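Residues or ranges marked as domain 'GDNF/GAS1' in TrEMBL: 5-85, 132-212, 222-316.
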Amino acid sequence: PRSDCIAAEQLCLSDSTCNATYRILENCALAKTRFLPLDHDSRVRCLNAELDLGNSSLLHCKCHRRMKRQEHCLRVFWTVHASMTDGYFNLETSPYENPANEEHWKTDYNKLAALLSGKACSQLAGDATNPCLKATHVCNLSKKCVRLRTDYASICTKGAGSEDMCDRRKCHRGLRNFFEKVPEDFTKRILFCPCQDELCGERRRKTIVPDCSFQYNTKPNCLWLLDSCLEDHICKSRLADFQQNCHPADMSPDGCSQHNHAACLQAYMGMIGTPMTPNYVSNSSVEVSLWCTCESSGNEKEKCDQILSMFESNKCL
């Protein structure tokens, strides 16, 4: 079985040859994250160090979305695969284990839904026309779901609408906590609830408290958003996962190269709470986008448009 990167790192550090190679790669990755230019000899040394790992478990290790010490695991992965990060379109391998290989997260969703009968049902009058409201009520029946949802909501609304800016970093962390720790049967129903009217659509659009998590006062350039993402191990990893699982394929009947829409939705959820957080663009459609623009992109306009189109016109998503 494929090892996780923390275990693989420990194994490597206990071997003197592998340890020396790994230290070289750490310096290469550090230079890359600081955007320090590497001369020809340094680039060759870095590539040779990666090749020297050969069949080491480090080269084939992966991380789990819900594991403890996730950031440490991802740092190890990108240390070993630093040569893949020259630009967005080279982030072709996700550091995350295939969802099918991960432990299945069981949920009491059906049991909780059954509680919505009888007396509870009378409190939900009108919910039939607002699936997003119903999904919220079901979340409220789970201690973990309601606690983590309340946590991010209180952080993300603090300072919103006043002169004090909300703490976007804390807001993003709270959102990631919610989407990582609450079973997907709850989170997917809240985020992807089907709406027939704008009242429901408004509730769905505001699920992630966009005033703090999504919108800036002015739209930044999408290339700036991408750079912010690539400097962050979690965001870079979620972007690689999104690119792998939501890669569109025009010739494919379902528009998806992986033919796995569930994995694509999971990868989309993984982007929420990162510098490249996406969201619904209106109350009346399911179109999503990043909060950024490609105006003033100069000779990188084409690259910028591709970043934006990952979300705006992605048939797979």
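Each residue, glycine too, has its Cβ placed from N, Cα and C.
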Per-state residue totals over the domain 'GDNF/GAS1' (5-85) - DSSP helix, strand, coil: 58 helix, 2 strand, 21 coil
DSSP residue counts for the domain 'GDNF/GAS1' (222-316), split into helix, strand and coil: 48 helix, 9 strand, 38 coil
Secondary structure composition of the domain 'GDNF/GAS1' (132-212) [DSSP: H/G/I, E/B, coil]: 57 helix, 0 strand, 24 coil
